[in-house]
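Working notes, beginning with the structure itself.
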Amino acid sequence: MTTDLVDRITQHKNVSNSRKLTGKGQFALVFRYISLSILFVIAILPIYIMVVNSVKGITGVSQSAAFTIPTHLNFAAWGPTWAILKVPMGRTLFFVVQSSIISAIIGSINGYVFAKWRFKGSSAIFTAFLFGMFIPYQAIMIPLTQFNHWAGIGGTIYVLVVAHVIYGIPICTLIFRNYYAAIPNELIEAGRVDGAGMVRIFRTIFLPLSIPGFVVVLIWQFTSAWNDFLFAIFLTGGAPKLAVATTALNFITGSGNQVYYGNNMTASLIVSIPTLLVYMFLGRYFLRGLLGGALKG
Amino acid sequence: MKRKHVHNPWGGFFFVLPSILAIAVFVYGMIGWTLKLSFSHRTNAWSKDNSFAGLSNYTGLLEDPEFTHAFGNLMKFTVVFMIGTLISGLIMSLLLEKGIKGEGLFRSIYLYPMAISFIAMGTSWRWLMDSAHDDKATGLNMVLRAAHLGILQNDWYSSEKGSMYAMALPAIWQMSGYVMALFLAGFRGIPDDLREAARVDGASETKIYRHILFPQLKPTFLTVLIILGHISMKVFDLIYGIASKSYVTKVLAIYLWQVIFDFQNFAKGSAIAMVILVIIAVVVIPYLRYVNKSEEMK
């Protein structure tokens, strides 16, 4: 596994349509663009519907006109929807920031050890960690609830901090391990010659090089915890006082309210905005996280 | 030979020890606990009877029509979702891999669904897959009518027939970009010389893909199948966000949620969780060992 998969993907290939093409080549190029555009329309359709129907007001939304672009912008649905989502989204931000930062710190320490300071049995332990990425969380949910109760955090938002930190260990460790594996061992040797130990080499050599790795892991943990529904619904039981973005959204759009299209679309869009912004501005790091979690390229 | 850092063999262990303990307790310990619950008598909210019930919870599943229904649904969903996502992701990467103007835009649009929660996207998809027909048609049915394909209108996820195939659509939509990215990384890891050499030898483009590029992508195919497979086995939010606990789209994770929360049957819920876990483990453990081995070879 190389760490620059993303560089590979985003590298600029010699773009063939700058060359003069023969008839057959031109046909192939047109075919490619048409196919790409069809896929583009399909990919964008669900978010397009969300966006256009969020600016048609509360009563101006009808299902049969959902594809049409609004004649004028009406943000009437935004106010009441935001009023409901404000508190749950604030709560989500509160726990997501904590869990992401703690996860990144743990991941960087583990990744450093598994990449550069292997001990006897470390690769078996690492594999045992990785299996934790694949398990269905339902298989630990009942004991986890009991643990939370025992630890005195049952009924608080910290249940989600604990869940995302602990079950984030495998993926964060993996991403950092691959990141550090690409840093040459000579740097460690140089540090040792200067009399530095494992901890000082980490602090003075690896940490300063780790910023991109931290961005990747922070984004990864932020996105997955923000979008998580399973832990949220299991561990909070859907309690309103612990509502987070996804559970609040599910409550808004849930059965019985499905006729309020304008509100539902607006609420879904508002909940998606934070992760979409991260994706738009830091997409490269997001992609790195996605591929980093794939083990082999 | 690459030097391994063995000067301080146990220092590293000390630093990862907290994580080792956490994984041991919260992953393996708790799986063990769930396993124990699945062999117990805790089949209702009042029961604290942790005594050994043998395999009764598991054999009970086999006789439970809801379970077999959910299992069958999950298998249908898995087949369509895996094949569909693999093919559409592969097509996206084939269209892009040689490089094309505007590639960055296409790539980021294909990949954005991965950044959005299933619950949010469920709102759009629920509307797109509205089951109303003909004059009342909305969403995709309306599109089909407009394209003079009215005959293809269907109930999507709301009737027994085809519900799981319809449910695979949003899943394919969500994951195709990811598969595209994995394949793009694969394609671009193959040195250009290989293609050039084949071209010089007079091989056609199709032959180049079949005999040179695809064989190089075997590890990528394997990775994609493992990722899609384990996601499919666990699928929950996507279906819950669109159809909630609807019978026709019930899969194991949805049924498990009902058994635990609505029926408070912890023993049976644990048994279902163990079934999902075992199916995943049977595939993933050999895969992890394979990955581990090929890393050691490097």
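From the backbone N, Cα and C atoms, a Cβ is placed for every residue, glycine too.
Going by TrEMBL, these are the annotated features:
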TRANSMEM  A:29-51  transmembrane segment
DOMAIN    A:89-282  domain 'ABC transmembrane type-1'
TRANSMEM  A:92-113  transmembrane segment
TRANSMEM  A:125-145  transmembrane segment
TRANSMEM  A:157-180  transmembrane segment
TRANSMEM  A:201-223  transmembrane segment
TRANSMEM  A:229-253  transmembrane segment
TRANSMEM  A:265-287  transmembrane segment
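Same-chain neighbours of the transmembrane segment (A:92-113): 119, 122, 129, 157-158, 160-161, 164-165, 168-169, 171-180, 202, 206-207, 210, 213-214, 217-218, 221-222, 225-226, 244-245, 274, counting only residues six or more beyond its ends whose CB sits under 8 Å from a CB of the stretch.
The stretches the transmembrane segment (A:29-51) and the transmembrane segment (A:265-287) meet in space: the count of Cβ pairs below 8 angstroms, excluding pairs fewer than 6 apart in sequence, reaches at least three. Beyond the transmembrane segment (A:125-145), the same-chain residues lying 6 or more positions past its ends with a Cβ under 8 Å from any Cβ of the stretch are 110, 114, 154, 163, 167, 169-171, 173-174, 177, 230-231, 234-235, 293, 295.
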